[in-house]
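**Q** Please read through the structure below; I'll follow up with questions.
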């Protein structure tokens, strides 16, 4: 395969991000051809964030294929060749600090018992457990462009979505509809439908789905979204959209959509599962009503780890008032589902039955957060503190553009060979309208064979059946050489899959070849 790097031009990112030069550093020799690996090496050498890769445990190829806990899986240094891990949009890699901090947490539990809630430990990086959530919200707030008081580290994404909707979805006779995208992540769809049914409304009438104009064009442009809002403006109570669409990788124009919907009297919430830690967002400045997110993708906090929530400061106010004659609450605050961890610390252990909410997002918490989970968040935030979202976005734009250029060159080669390209890119071509991820649509029937080849080569990407692979270079730990190696192997995988028989393409092929050895491609 002959790869060349295409020249890039500047672009207008409007309010979504700055407009950095994404053409890379030195201009590559356009006669390099196969030696484009040299270009990738040069770009990695010039990368000001290259040191951050050392902050992560990169699974080795041997460990990925091992059926045991291979020593290279993070417990010991390894000389094994690193895998090419481009799957941070599904599960981020483990920071090296995570194991260190987990040991401190476990040792505190073992040696202090219940006193770990309150006792400072001088040789630990962790705070007493009573303050674990407070310890990370300030750093998390910087990642999402919020005030610390507007940010909570709590629950998990869908649980937080339910909590937010319990407070913000207040249907009336006139305003009762919820607008969401037709291809929303299923858990969002389930949550929305369940709240509509909880209010004894009909989802067929109250649930408005924004469907793509055609199957061939899955991108939802801002004007089209506005037109759906206009059509249902007078009867809509809530708009819920993703910051980045999980399937296509589209980055929505959050400030424009938020402002437009709110001008129609509609409350606006955002699911930031694929946006947080991936693209810069400014939830406070964009006047977002609420947002929820997970922490196991670009935030690298581990599978199923604790989630996050944002509540704009105008919704989190708590006002004291005189107690009523019948024991009414002495506080005025936004209605919500309440729990003891959302009550003020002064009253939390008083064991009284009056709820005194903490002002801001913290007042929406229910139970004490998992110390194990927040320990992982602490490790993640200590990596993010070594950079900022603008620097990460600048590198991400360059990495993903490099991936796009190499894939475009490969597609042209495939077309020139007479067989046609075996894939196309479905993610928006405008860098301002995407994050790290490119969604690659394969010719029908190739997915299993392509994934088999990539997994066998120690390359980790994500699949979405029937025909899509999602490739996401994470700027914290991925490199230009990762991207180059992936495209080389992807070229081989496409050729191998295209040459396979129809029966071979239709079968489910696993990394180890056996039906009992289920690989990531089958489990997903």
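Every residue gets a Cβ built from N, Cα and C, even glycine.
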**Q** For the pyridoxal 5'-phosphate site that TrEMBL assigns to 157, 158, 185, 186, 187, 188, 271, 274, 340, 368, which of the candidates 224, 296, 402 is also assigned?
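**A** Looking at 224, 296, 402, the one TrEMBL places in the pyridoxal 5'-phosphate site next to 157, 158, 185, 186, 187, 188, 271, 274, 340, 368 is 296.
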**Q** Do me a favour and check the Cα-Cα span between residue 187 (pyridoxal 5'-phosphate binding site) and residue 297 (N6-(pyridoxal phosphate)lysine); whole Å is fine.
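**A** Roughly 16 Å, rounded to the nearest whole number.
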**Q** Counting other Cβ atoms within 10 Å of each residue's Cβ, which of the recorded positions 185, 296, 297 comes out lowest?
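**A** Comparing Cβ neighbours within 10 Å for the recorded positions 185, 296, 297, 185 has the fewest.
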**Q** According to DSSP, does residue 157 (pyridoxal 5'-phosphate binding site) sit in a helix, a strand, or coil?
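**A** In three-state terms, residue 157 (pyridoxal 5'-phosphate binding site) counts as helix.
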**Q** Would you count the other C-beta atoms found within 10 angstroms of the C-beta of residue 368 (pyridoxal 5'-phosphate binding site) for me?
**A** 17
**Q** Tell me the coarse DSSP state (helix, strand, coil) of residue 271 (pyridoxal 5'-phosphate binding site).
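**A** DSSP assigns residue 271 (pyridoxal 5'-phosphate binding site) to strand.
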**Q** List, in sequence order, the same-chain residues at least six positions removed whose CB sits under 8 Å from that of residue 157 (pyridoxal 5'-phosphate binding site)?
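**A** In sequence order, the residues whose Cβ lies under 8 Å from that of residue 157 (pyridoxal 5'-phosphate binding site) (at least 6 apart) are 187, 271, 273, 292, 293, 294, 307.
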